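Novice: Have a look at this one.
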């Protein structure tokens, strides 16, 4: 009927003010939407190509120049730097802001897809250690998704009015809890806790993951408790998460990873 709009199965009058609010919401997040889409799309395409290279199928081959295997994190860093500088220069003005967002999304995806390689300074892309890259990509995508729907960390503490000291104390405690979660190897708790503070507080109070930096200061008895709790958690949830990661990114190689420098020419098993 005239003057009515139908969205998502709901039919009814929609005021011009409401339409303007929706358009404004979309416009304000267009750059973030493009960033999110570019990040996810690049990761899926990159993993698809590397899996084809690993299987020896398709037209794609390892990128080798002068005997040096050029990992895709290299162009990713270049795109990330160019996109970041362009974003600052654009100052939010379209279409430069949107183009910069796409560059940052593509670059960040290429870099984080090889996060484990950068961390270990070894070619661990298809090893068990390489699964860390998939987890980091998933957490980053989750943060982008939360920002995209309008959830802002610390938003409830952003009022510049009274109680400034209390606000600063809460922020300091929250920041400490986030850092503690990271030090304890609880990256998921840290990411979710940035938006839902009680998650970070709970993660900071719980035992650390046994392979984390925090756990190194534990007594043998406390470390044994951490190992037992971590094993129970992995038995319940770990396999499901790894199976999903393997489905998306490929199953890791079971053979020991070579410790050769990453600048060396890739061997037959180095495929990305």
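First residue shown is number 1, and so on along the chain.
Cβ coordinates are placed from backbone N, Cα and C, and glycine is handled just like the others.
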Novice: According to TrEMBL, which of these ranges is transmembrane segment: 10-29, 30-49?
Specialist: 30-49
Novice: Match it up for me: which of 132-151, 192-211 does TrEMBL list as transmembrane segment?
Specialist: 132-151
Novice: In TrEMBL, which of 99-120, 231-252 is tagged transmembrane segment?
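Specialist: In TrEMBL, residues 99-120 carry the label transmembrane segment.
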Novice: Looking only at residues six or more beyond either end of the transmembrane segment (132-151), which have a C-beta under 8 A from one in the stretch?
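Specialist: Contacts with the transmembrane segment (132-151): 25, 29, 32-33, 35-36, 39-40, 43, 108-109, 112-117, 119, 125, 187-188, 191-192, 194-195, 245, 248-249.
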Novice: Within the same chain, where does the transmembrane segment (99-120) have neighbours whose Cβ lies under 8 angstroms from its own Cβ atoms, ignoring anything closer than 6 residues to its ends? I mean 6 or more beyond.
Specialist: 31-32, 34-40, 42-43, 46-47, 71-73, 75-84, 86-87, 90, 129-133, 136-137, 140, 262, 272
